[in-house]
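As given in TrEMBL:
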- SER164, ARG184, THR245, SER307, ARG308, LYS317, GLY345, LEU346, GLU384: NADP(+) binding site (BINDING)
- 101-229: domain 'FAD-binding FR-type' (DOMAIN)
Amino acid sequence: MSHSAVSQAATAVSVSVGNERSLRRSVFKHNNSISFNTKSSWSSSLALNQKTTTTIRDARRYTSTTTLCMSVQQASSSKVSVSPIELEDPSDPPLNLYKPKDSYTAKIVSVERVVGPKAPGETCHIVIDHDGNLPYWEGQSYGVIPPGENPKKPGAPHNVRLYSIASTRYGDFFDGKTASLCVRRAVYYDPETGKEDPSKNGVCSNFLCDSKPGDNIQITGPSGKVMLLPENDPNATHIMIATGTGVAPYRGYLRRLFMEDVPNYGFKGLAWLFLGVANTDSLLYDDEFSKYLKDHPDNFRFDKALSREEKNKKGGKMYVQDKIEEYSDEIFKLLDNGAHIYFCGLKGMMPGIQDTLKRVAEERGESWDAKLSQLRKNKQWHVEVY
Ligand code: FAD
């Protein structure tokens, strides 16, 4: 069978997927049979939005991210079945299966603007079909090679740009065949005129945000180990700090912790997300996160810092470090008890956060430098900024 067949009963869909290409690295060999069963209201609502008989690629196109967001609203607290469970098997994460000189050609499934009209700038959620050939773990990144010639090296392709993967290893369709990115379009404004200069806009982010379903995309990776979610302790605390698209890896973590029925992994700890964006319209994946708050109030906390809408206690703009300061006592206690803390987003977020943490440590009579080196030594400190 060259394409997958999807047949739908009233509340269940069974999907069998033909093996079009064997998996590139044998350690990640897949089971090619996928089933969405009635156990999960997430998968049921996904199924209910699919046509009676269609191909899985068509199903992906018909079932947009918007539909998935709607299913967030509809779902009960039961979890979504995922497959193939062999993606849990390897003891080490996949790394650099495809390199810049030997990249993988994947296909764009969907591109959706995920910020409201009052958000400054544009951010898109992009689903990519890798057909199971580019497996990854939550917290890793893909490299993207935009089409065209590298202006600095005539005749050569563009350099690779990295993007944090915003889905779990099972992807937004829970079948291990897609990966999602959360991409902010880089736009250049002339500092003198204040006008946009399209010739200087970011190459790869604009390629991604302008791409259409069915377009080819050259991918490398997956890469990165710093942001992998440690899973040895189901009672662990994970404090996740993001600005803007830095929320991408946390969307993956939180789906794994709260949405997916992952074999042998029942999370009972605390996940605490701090998200800094400009305003309400700039909030990313807010429906999903709000749903976790409702369904898992003892295991999930979510604090937002809206810099253009809220004021900090000194009357200035509310940044993510102001929220950290507000909860610093609790955060320090959690860190002392072994919590993991993650930072992801623009490089510029770190100095303000580090200053705040240092000040709080000093107020508590602690040395921040000593504390930081201990956190690093214990592998509790995870930073990926760009
Ligand atoms: P480029 O073409 O590389 O340009 C870079 C910047 O320079 C742009 O802002 C552009 O407008 C400006 N510019 C271009 N020409 C000129 C000129 N002549 N003068 C002055 N300025 C100019 N980004 C995300 O959106 N989401 C993510 O999840 C994400 N994850 C990342 C993870 C990692 C580990 C890393 C390292 C980076 C990540 N990034 C992410 C950033 C991403 O890799 C790119 O750097 C970003 O999208 C910009 O790439 P670009 O090709 O669009 O811009």
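Glycine is no exception: its Cβ is also placed from the backbone N, Cα and C atoms.
Predicted, not measured: the structure shown is a model, and the values here were computed from it.
Recorded features from TrEMBL, shown on the structure.
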residue: SER164; record: NADP(+) binding site; DSSP (3 states): strand
residue: THR245; record: NADP(+) binding site; DSSP (3 states): helix
residue: ARG308; record: NADP(+) binding site; DSSP (3 states): coil
residue: GLY345; record: NADP(+) binding site; DSSP (3 states): strand
residue: GLU384; record: NADP(+) binding site; DSSP (3 states): strand
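Per-residue pLDDT, averaged over the domain 'FAD-binding FR-type' (101-229), rounds to 97. Checked against ligand 1, the binding-site residues THR245, ARG308, GLY345 give THR245 as the ones with a Cβ under 6 Å from it, listed in sequence order. Largest Cα to Cα distance within the recorded NADP(+) binders SER164, ARG184, THR245, SER307, ARG308, LYS317, GLY345, LEU346, GLU384: about 27 Å as a whole number. With every protein chain in view, the residue among the binding-site residues SER164, THR245 whose Cβ has the most Cβ partners within 10 Å turns out to be SER164. Cβ neighbour count within 10 Å across all protein chains ranks GLY345 highest among the binding-site residues ARG308, GLY345, GLU384.
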